[in-house]
């Protein structure tokens, strides 16, 4: 029966094998003839005689190789294929077929970056999306670019200058910035070229850099607009401060590590009382910044002290209030908390809530300032040791006990980050966050996987104002100017240029004013938050690209920057363009090592993508990465890469077989007949022999399933389903079955059908796999005859093509019969080269279609073609045969004497049975020992019991086989 699905997806262009006029099939075309089996040596001979080479579209440029001439796919050809794609303009959006554009802004890697597995992950996933949509006829734009990476780039250049004995401050700002630009021009393209190695089919003609003139204009425009709305302000607030870099850093640039340390117990005298309150702290050096002691309001131990004051040690009698607040954890330390709001994020928030003063005791280089008295000028960690010694000397040190610390360290350099109150520029986030929350709530924005919506909502609901200023020289200079002589926090000018700022200053203060620009630059994430629309021409809303491609369709990135980048892009997109910048967000996880550990240099488990490409090929790496699940971490191992390299080789070898099997190009008549077979038409499908009908039907089912998975972004399902179909159905079954038709004596008609099916199925497999494995599939595609276009732009297979469910069931019966015979051969150790006889028994209906595939069955099962018999009743020598049940209504009998030397087999199985029995007895003895059962780990005992059960089943089956052999021996002797 023929089934057609109602599944609806974007309709691709008609394929090469699907002309507008349907072919009327000649009913005599598929006449069946008896054919003989061909030996492997004969097949090789035929292969050699029928070899031919097809000219590829770019063969003149030596771009492509062919399985006809190359034993394996040559990884070195990947670069040539990539350059050819790019030279043909395939990466640019093509509006010829109409349709709505598919647009992805590439997450811009740092210009200082070197390719790592995180890059490989996002490039693979985004390229899959882009290639799939391109093949579906949509104009695709994958817009690439790099980030200026303020801190990282400045550090790289400073290090380079240091090797020359030059300091940044000696050069001055302008000269240093010039040197950074020179470095960028020389080395900035490294990461771009490495991304190309991964096969990224992005439009490099539109490549952007966050410090490009146009993007810089967008940054200034955004700052001015936000300031004009009162959303940007300047103030002194708590930030993450890098003492070495002398700048504020973002939360993402702070990594917390669990490290051994101490919890210091220190006594504070209660003023006007002989009593002391003992606090516990991990940072005694900050006590100079204490502004209060806090206890829990329900802690009866300290309730009588609330409202009194305490004297801070080593501060010459400075008093601080003793307060009560539920923020205090009664069970931590002593239950008394010192409040140092100038040097602790939580203390800072509590002080702001309660109106406590903020006292800073640190200089920007992490030495203590004059508030610390005698400790002024000493490093914070040196003060910790000296202060504790002094406290011990005066009797205020109670004890210090080992304690695991959660230490904030800089992502760059590893220094300990200092919470510090500093004058910075901030964005007021609450009004922006409200709109971003509504975007998800109103389904304007879909986050994949859905579970990350909760994290997104939590972050935006509890959002803090964003510190956007950095004390660096490399980056977008903050568009704020000050008037010389009027330096105060409130007296500044925001303008789009120095000329505009001077004009405003003259207007405000009259003649003879001198202005200077704020020395700080903007946080790199500020320019990145504008990326989806600044790269398309904004703030010029009339720009062609902005109108054609904004808003974009998809933002794909790691789940770790959902807040730092994705949420900020959503907020800025809504604020400046009135719409979400992308309709979908696809989040991937981390790539870990084979043991599930995060890759790090310290562990020595970092896998280099470029080394991986060299050893396994880009396609194997991409396929391995793509088999993951959205939002989940992926464990990467050489075993997986090796397996998928083998998959690449299997594809190549299948291509070699298909090419060998096709008619010679000089045989134009054969090619006309072959191309005239429209295998996506129902009438053609119904006329195919069973194996061919099965293969095409299974392919059509696969196309629907895989296309649906592509649409749902279930890439792991796409990879697994296509892999299984290619390897199990096509390579293991259909290619093997086709050999009985291609190289036998049955004439050209059935051979032509098999050739057409081989080509049709293989070319569609290449299409389905191309987004995952672009290089090997394009190379194989170009080797196939009559290719009118490159695979990268060939139409996606059509959906809802016919399939014959009955043929699938029938071929599955043939497979079951083949497996049963193969298993019997293995069980009785029949030599692979030996052809055996068989009697196939089944109903008249089953025998009718199975017998038509006698040659296929004989080839796949290694049967003697002249001694394969079909009947609806068991043979006369059934009691001397191995009885196989393949499926309901389909059985087989294999004459035992023709298969093996029965007496030798009896001896062999008897030895095996004896060995099994010995193993079984030993296990039973262990289980009979109370000492073992009572003292051995539970899982060990359970494992032994499972071995016993397994052996019992094996012994039972082996005894049955031995009894059968012995009974056969006695019957034969009679």
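Any Cβ shown, glycine's included, is placed from N, Cα and C.
When Swiss-Prot is compared with the stretches 399-428, 429-458, 459-488, 489-518, the one noted as coiled coil is 489-518. Range with Swiss-Prot annotation motif ''HIGH' region', chosen from 87-97, 98-108, 109-119, 120-130, is 109-119. Taking Swiss-Prot as the reference, the stretch among 598-602, 603-607, 608-612, 613-617 described by the feature motif ''KMSKS' region' is residues 598-602. In terms of DSSP secondary structure, the repeat 'LRR 2' (857-880) contains 8 helix, 9 strand, 7 coil. For the motif ''HIGH' region' (109-119), residue counts in helix, strand and coil come to 3 helix, 1 strand, 7 coil, using DSSP. The helix, strand and coil residue counts that DSSP assigns across the repeat 'LRR 1' (432-454) are 13 helix, 3 strand, 7 coil.
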